[in-house]
């Protein structure tokens, strides 16, 4: 509920902002509907108790994000959209593999199995897959190229989708599976990669002229 309130607050502000920002756009209603679909996908992801509904929300985010990146229809947007969609496919595949691996337990409601998984070494596979999925969504190295490209979308979308919500979806998944990451080498690896990502982003930002990127 806390997480949903944050998402809803940010989304409401962005929709309020885009009403004025996109007012000269012919298809403003279509734009608002896409943003609302995005918010609904995020809600589904947040309240999901099992991996299958998480995948549905996750894919909803990916699809709507693609539609929003190619909103201004030109070659640059198209290339950026393809890069975004294909980078995020990797994370979707990782989630599908995690769903398949969960069949070892006889159910997908991961909440019940996290304590068990922690003690079994081969079950770190699920932790690794979830971490891979989260890394693609939150644009860690080596999947970080799609995030600057996705700034081809309208500005309100860059504000909502690609800075706060899409990236947070990956972080949220890690919060959900934190038991698998806290006391294992996976958490250490994630720390290293995210530190490198922050360093690279800071370094790249010094030479970037496009403010959104």
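Cβ coordinates come from backbone N, Cα and C, glycine included.
As written in TrEMBL, here are the features:
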DOMAIN    1-31  domain 'NADH-Ubiquinone oxidoreductase (complex I) chain 5 N-terminal'
DOMAIN    48-213  domain 'NADH:quinone oxidoreductase/Mrp antiporter transmembrane'
TRANSMEM  28-47  transmembrane segment
TRANSMEM  53-72  transmembrane segment
TRANSMEM  93-113  transmembrane segment
TRANSMEM  125-147  transmembrane segment
TRANSMEM  159-179  transmembrane segment
TRANSMEM  185-207  transmembrane segment
*Long-range environment of the transmembrane segment (93-113) - Cβ separation under 8 angstroms, sequence gap at least 6*: 49-52, 54-55, 58, 123, 125-126, 129-130, 132-133, 136, 176-177
*For the domain 'NADH-Ubiquinone oxidoreductase (complex I) chain 5 N-terminal' (1-31), provide the mean pLDDT of the predicted model.*
86
